[in-house]
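Marked as region 'Disordered' by TrEMBL: 1-22. Among the features that TrEMBL reports, compositional bias 'Pro residues' is placed at 1-12. For 13-22, the entry in TrEMBL reads compositional bias 'Low complexity'. As annotated by TrEMBL, transmembrane segment applies to 28-51, 57-80, 101-126, 138-156, 199-218, 238-262, 274-296, 317-336, 356-379, 386-406, 412-433.
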Amino acid sequence: MSEASGPPPADTPAPDTRAPGTPGLSRASLVAGSGLLVLGISASVFLVVTARMVGPVAFTGVAVLWTLVYTVGIGVFLPFEQELSRAASVRLARGEGAGALLRLSALVALGVLAALVVLVVAAMLVPAVRDPLLDGSWAYAAGLLVAVAGLGLQYLQRGSFSATGDFVGYGAQQGVEGVVRTVACLVLAAAGVDDPRAYVAVLALSPHVSVVALAGRLRRTTGTAGGPAHWHELRGRFGWLLVATLGSQALANLAAPAVRVLSSPREVEAAGNFLSALTIARIPLLLFAAVQAALLPRLVRAREAGDRREFGQQLRVVLAATAAVGLAGVLGVAVLGPWVLRLLFGPAFGLPRSDLVLLALSAGVLMLGLALQSAVVALDDHRGSALAWVAGVAVFLAVLVVPAPVLLRVELALVVGSVAVVALLGTAVRRHLADLAVSGRRN
């Protein structure tokens, strides 16, 4: 389970307006982090309610669809947010409007979405792909495309909010989606609806509602159209950003589809059980999302000031806190995991304690990887970040061929793949900090 797209882009640090009583966090970081936290909690609520209402077998299809939505949606469209934010910030700093740039970004995103439509339709014509990934249903295929389109609109809107420093709008958009999704699925459950397609509709439409709700605020912040927009304004680091986000989302989200594909027909509920367990194991990620929202701007400021000591100190604090949260998650799952799983998802869902512990361990290592990614991005090494996540996915896929039970294979693949990412990103951070120290001595 991963839909946390991260904090405002590193190229646009949040304004340093401190909230009373919170000397280490800016108001912007608090607002953005709060919206992200609401969105993350709503993801858990949605998955729990859906699983209880539709049962383990039907939930398998929803679980796989969920992971595809966020792997593709975040992986493909988060770079639009980051590059639009950077390019629009440049225009606004010159006193120009960003409307034309937003329209150009929307046209490019529309072209990407059209390509995704072709790919999904082609997938629906191949039973070996259609049945395990889209439950053999055109309704699920439509849900995937509508949801991904909504995420694309969200990221364009967030890019504009970030460029103008409107982090109230940024956080509010995420919060609105979370509230709408939570309320809608609870209403369906209260009405006794057990058709999984109804919950797929909630998943697909919630992003669109949040975009419409914040549309008026977007018009007030983007200003005039400005001069004609050109692709070279956007392309910057777009390629490396695309590779990095697709890689990170693939490693975080493709475990459930892997279980579905590798399981036998008699184990049709395996992916649903797996995602329910992963939801429990990744609860600490909800806490990390809010921490990450505050991390990037402070690291960027330290890098721009050439302050290696401050950069290293901030990163060490976050890594220590992340490791502590991850360890607490592993211990909590080891003691209470099976009980919490049955309590939240119902008696039909279950996974051995050893599986839950491995999933919690993978979540802890993944959090360390995300923290290190923030540092690498702040150090302006998008290439290093991208290559680390690609290597992590390659390791994940390689471990899947190891002869072992399906769940154990996937769990080990998650752990080893995440460890590979942490090792590579950690090496990149050390290298750049050494360069920063040399640069500081020369200056």
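A Cβ is built for glycine as well, from the same backbone N, Cα and C atoms used for every other residue.
What TrEMBL says about a protein is an automatic prediction, not a curated fact.
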Stretch of maximal Cβ-Cβ contact with the transmembrane segment (238-262) [cut-off: under 8 Å; candidates 57-80, 138-156, 317-336, 386-406]: 57-80
Range from 101-126, 138-156, 317-336, 356-379, 412-433 with the greatest count of C-beta pairs under 8 A to the transmembrane segment (386-406): 412-433
Among the ranges 57-80, 138-156, 317-336, 356-379, 412-433, the one whose Cβ pairs under 8 Å to the transmembrane segment (101-126) are most numerous: 138-156
